[in-house]
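**Q** Pulled these features from TrEMBL for this protein:
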BINDING   570, 579  Mg(2+) binding site
COMPBIAS  61-76  compositional bias 'Polar residues'
COMPBIAS  86-97  compositional bias 'Low complexity'
COMPBIAS  122-148  compositional bias 'Basic and acidic residues'
COMPBIAS  172-187  compositional bias 'Basic and acidic residues'
COMPBIAS  191-203  compositional bias 'Polar residues'
COMPBIAS  218-229  compositional bias 'Basic and acidic residues'
COMPBIAS  247-259  compositional bias 'Polar residues'
DOMAIN    558-908  domain 'RNB'
REGION    1-28  region 'Disordered'
REGION    56-271  region 'Disordered'
REGION    352-382  region 'Disordered'
SITE      578  site 'Important for catalytic activity'
């Protein structure tokens, strides 16, 4: 294995020059190169070439040196001396076109390569900047000092011929995988775009493409500053991806390099394209129809940002995009069209890759490995969301942590004798929709003698950005040090095809890095959360005469339930109360149970400014210290919120139900209610736990005197009893719930800083509300689907990836865990019966739950008219054929559409003014915004926990090992529910460590240096479920903390 230094030097090799239109005569080439390069390296190269030439005359093949360099360029063995040099555009990039184009000898290839390398080095010497100045200092939330489980990714320097284990990690990032249904949706809808002003259309992309071709630097100095390296395809020595990533770009698509040659055949000063021009829209459309191109959402690995993936349309192994050039200026989350590269450029992967422990050292050797990543303290894979709707079995790229799960490619090629298989590679040829906001937080770096500053994004998946000094703070040039810790927001304005760097403008100065409010605002901007004040046009859509009362004519249209005992149960801090419950015992011993949901669609009419902003925001975003509402606060917190002792408009579902939970009848309709009390989950829980207690008025919030406390208490107890039966039926019928730890905070009321944190307890009162919300959502789904089979907005949850399930089953078998992954119900039963009964049962279940969440797919909104097979409508976790969201219209736009459909079906509202395509477009947009809001919620929690550790740490806790790699392991910190990665090399007091793997079971043996020299070293074995002691300590970087492993003897003392 090469040393890091060797690897780094190799990685610095740029792509070969593309400025020569034909292969020059050897004599001229030698003369030209000798005049430019008088180094011993070049002399050595000439000697080697001479030997090789003589060697080949005797009938032998090229030397190992030339062979190695050929391999490094990803040139197939059989074509080493037939390197393509004249591709006019990306559409020509195919094996057949390679053969038809001009050929050139290996010699000219290597001379060109050497020439460009030295030209780059000369440029670096001329500029006279140090390495630190060149690359800049970057704060990296993805690659934090501890490299924790939040990102789950090893930072490894890649060798140029990494070409084997590339996919070990890749399965972990499969958050945007599509199942059969998605393919049908894409065919039906065509090029997906966000609704109502939320997207960049294909035509706009085409315009941008044309403008980028003509794009010239705005400053003559910019041309000058880039001149030195433009010949080799790299703007300045300060590549956003660092010197050791240079080769990745040439390797990313070896076709990209020759393809560019025809684009700039001018003299020395001409700028060379780094990226290929995008295909024309018509060409892309035809290519997609013919199956020659593939459309999908690009996912970029947060720590190995030269790696990106697009889901395979046949649902097998993801398609790999190797390097920045192959991504062609697409950013994470964009919808792109890719072209598969020739088979000889596909990646070689082992078919028996492990489910729980990529070898970090192996990832240096043979191809890159992608693990699942997260910046969050915990993956949010709960089956319920905030309103307890059990549908969020989500496995996102950023959100799960452990090691690499892999699915072998079901490929035309059969596995090779040594068990290796191929993974397809591709390059981006078109961006359908720029889903990434193009706004990033980061830091400004001053560059001497440059007309621009360098903006370094915190997220390394985004390139560095040139910002003209005129756009920087006035005194930045004279006092750049004053801004070293200032967090800015920068928006990318353009990214030319001939530049490694984007251009951008500073949008805002946020404040000091490490402070909660600047960091929070940065998160919101970066994830495209609209937190602006609502415009006057939007506010004009709200009722004017306040205090508002229900008009008499509206009252006559509705069922009057104001006399009923109806109440809300919510978190104590909730202000947007969109659901209420009622339960009345009938003379026959059965119950009349009602779920009453705020009638938001009464206030939000179709196609006005209020509707437009709600559809664009799509969801409220909940952070630790605040909520970014989907609707104006007048609606969220007052007119729609089911506040106590106030008449409110609602949509109700009322059932006649037996005590055992059997539904006898069902009624839907618009209604009016008057909540008699606002209970918190704590209040309801205390009622459930003390069924005989007589509660006094002082123990509960203010209540309507019309309904005595005893009546309310009995209604809660009856609901709890029915809910237990409903829940038991659900799980015996095959439902699944994956509980995961959720961190909550107590905040100082004045400063809003964290005073304490705790793991949120999910109790019977939460389960009570959850059961009736689920029941209402399921009932509504059946109702609207029966009335509008082509237009209903439902929510489906595809089953987990079969291959990943098989690998997890194999791992569990080797760990001795008796788990049945054959169905959702079997998995649920296993999780609740197989992990023993001791104080660590909960911890073991939590670790196993994380492992089981990895194969899970996302739950998705969709329009029923788009999917032809009803089997695809199913919700895997709930194990029901139809499901939707009806119960939270104040904070979810999907629920508003469902309310409109329901009103139309009951003839108490107008017909929905949307087509099937428009409903699907809105469904897709809601999916995107829901995913982003989850991520923002997690980052907010991570931010506050980082502050808490800094202010209150160090914090000691037991931890349980969740996964083992060959040089590190992941732990779940039990007291706080956060996950961290511990690197063996950074553990103080460790003498050595050894990794061992049997099948899929991975194990580390840590050898501790004895504190007493007379004693023998102590060994500690680390495997899944091992208990260890850790200490959480703040890092030097703002908001970051690491887990420090304690010595075993400290654990015992």
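Using the three backbone atoms N, Cα and C, a Cβ is placed for every residue, glycine included.
Model, not experiment: these values are computed from the prediction.
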**Q** Measuring Cα to Cα, how many angstrom lie between residue 578 (site 'Important for catalytic activity') and residue 570 (Mg(2+) binding site)?
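**A** Residue 578 (site 'Important for catalytic activity') and residue 570 (Mg(2+) binding site) have their Cα atoms 9 Å apart.
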**Q** Please report the number of other Cβ atoms within 10 Å of the Cβ of residue 579 (Mg(2+) binding site).
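**A** Its Cβ shell of radius 10 Å holds 24 other Cβ atoms.
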**Q** For the domain 'RNB' (558-908), report the average pLDDT of the model, please.
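**A** Result for the domain 'RNB' (558-908): average pLDDT 94.
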**Q** Could you list the residues of the same chain, at least six apart in sequence, whose Cβ is under 8 A from the Cβ of residue 570 (Mg(2+) binding site)?
**A** 577, 678, 679, 680, 681
